[in-house]
Amino acid sequence: MQTVIQLTLTSLQIGAVYILFSLGLTLIFGVMRIVNFAHGHLFAVSALLVAVMLSWLAGMGIPILPAYLLAVLAGVTASAALGFIIYVFGFKYFQRDMVGSFILSIGLVLLLDGIFLEIFGGGVRAVPEILPGSVEILGASVTQQRLFLCGMAVVITAALYWALTYTKLGKALRAVSIDHEAAMLQGVPYSRLALAGFMIAAVLAALAGALIAPISIVTPVIGADYLIKGFIAVIIGGLGSIPGAILGALFVAVIETVGSFYLDPTSATITIFVLVIVVLQVRPKGLMGHG
Amino acid sequence: MADTLRLPYCAAGIAAAIGASLLVSDPYVASVVNLVSIAALIAVSLRFVMLIGELNFATAAFVGIGAYTTGSVLTIWDWPFGIAMISGGIAAAAVSVVFGYVTLRTKGPYFLLIGFAFTEAVRIIYSKSMGLGGNSGMVGIFPPIAFDPWMPTFVMSIAALLIFVLYVIEKSDFGKIFTAIRDNEDVARTVGLNILFVKVACFAIASFAAGVAGSLHAVVNNVISPGDFSFLLAAFALAYVKVGGEDNIVGPIVGAILLVVLGSYALGLGGHEHIFYGAAIVLAVLLMPEGVTGLLHKGRDFVMARGKRNAD
């Protein structure tokens, strides 16, 4: 019983990050029909800045919690700025061009990889603990930081879901992702929405990065692993579908956790891969895909 | 048929390239020539699958399968060199038939991302297989000693031969089905073509070339490791195709020559390889969407049009 609870909690922790990550990927794909491999770098910028700022601010004697909030603010701002730059000078010209945008994003991946290595160095950064201590849930022990991460992920996901369902912007984003021409005929300003969708996705990635920084080792290539898993989650769920992304992310997280526990991480990764292929045989556009 | 192939140009180009490679004696130049030949072959293989309208990121996996097959055949079983080279291509093609048959029902982003995941999964398998050297890879994959002085010529001849074969297939009637599928799959299906079969055939042919490129990579470097075959390999190949231009088969070759030569020069200056390739791709897609060859064509058309106007 204790194992089951422990595994469930771990799945939820990993799943929380995958959800934030794949929500951004699926949002960008839905609105702009592009595949953005540079998404992992928006995540990495934020995680790196949080790690650097936190050590620096803590070194100046600022208490750890305000320091963390300041660092998160800096990380999210930096990611949003980077997202804005790559949208305005790049992806803006490649909307609805899957191959072109993908190639551009691969170029950005290489370029940003190189730049991050130059700026931050290849070393591993440890981030000081924000919320020390752990709690017992039904006999399984969880550190407070991880609990905080899960809670925040749930709050952010719920907020996004609410915004997409009830606000005018959210409705317009969904309309565009179903049929952008029909949406434009209804007076939806497509190009402004594309920017809005891209920036929301960038902020989601930044928040995921800021949340993961304290409970993980931060390196300039931290985005790559999450990117692969995030994309697998989105393929399983169906590109462009929000519930699909959540479902896919949880699915990947459960298999990864259970597989790593009973077998080993390698077999878990390969199992995920085989399952993706099986899902695509039955539903070539993912579980909830329609586009 | 012979007319559309432009055989004299091809023959002259291949002969000139192989002739020039005979003159190479400097080891640094020789290594660059080897790199260029292999890069061009991989880029042409990637572009070959783009003919059916799919971006094949599994290319990197097939290059790896070719390299590891050749490595095992040479170092573990000690079989003859010729068999080792061919077996790399055959192994890659065999795996690609199965992989393609299963995945080519999906299209566009799904196929692309599956190829990407496949590359990473295969790479993990290498690094966990102790028989294949695990994370540190395989060492001591040597060509016969007699080959040593002729390595650049050998590598370039194999690459040129395969590129030529791919070119002939592309221009054949069978190759025209590829573009028909890319332009409109449903129309191609209504005239009774077996789309999945054609796609798998195209994919397998391209993977055979990628596998042989891997075999060449193994015998040129003597050492292979899982890190050599990450998705970045396919990303670099994509850079060659994009910078060179994807409209005809010369594009990827031009791209490979330009970027590999400039890249090794930049490395010599202490530059950063990733930044260099990344900037090349970003600038190429933003400033010249049709690549260098597309730019040259446009330039030629412009000059011709002006000449005509002046004559009038």
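Using N, Cα and C of the backbone, Cβ positions are placed for all residues, glycine too.
Now, the feature entries from TrEMBL:
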- A:12-35: transmembrane segment (TRANSMEM)
- A:42-62: transmembrane segment (TRANSMEM)
- A:68-90: transmembrane segment (TRANSMEM)
- A:102-126: transmembrane segment (TRANSMEM)
- A:146-164: transmembrane segment (TRANSMEM)
- A:193-218: transmembrane segment (TRANSMEM)
- A:230-254: transmembrane segment (TRANSMEM)
- A:261-282: transmembrane segment (TRANSMEM)
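Here the transmembrane segment (A:146-164) lies next to the transmembrane segment (A:12-35) in space: the count of CB pairs under 8 Å, restricted to residues six or more apart, reaches at least 3. It is A:230-254 that, among the stretches A:12-35, A:42-62, A:68-90, A:230-254, forms the most Cβ pairs under 8 Å with the transmembrane segment (A:261-282). Against the transmembrane segment (A:12-35), the recorded stretches A:42-62, A:102-126, A:193-218, A:230-254 differ in Cβ pairs under 8 Å, and the greatest number is found for A:230-254. Tallying C-beta pairs under 8 angstroms between the transmembrane segment (A:42-62) and each of A:102-126, A:193-218, A:230-254 places A:193-218 first. Under 8 Å from some Cβ of the transmembrane segment (A:230-254) lie the Cβ atoms of residues 11-12, 14-15, 18-19, 21-27, 29-30, 39-40, 157, 160-161, 164, 177, 272-273, 275-276, 279-280, 283, 285-291, all in the same chain and six or more residues away from its ends.
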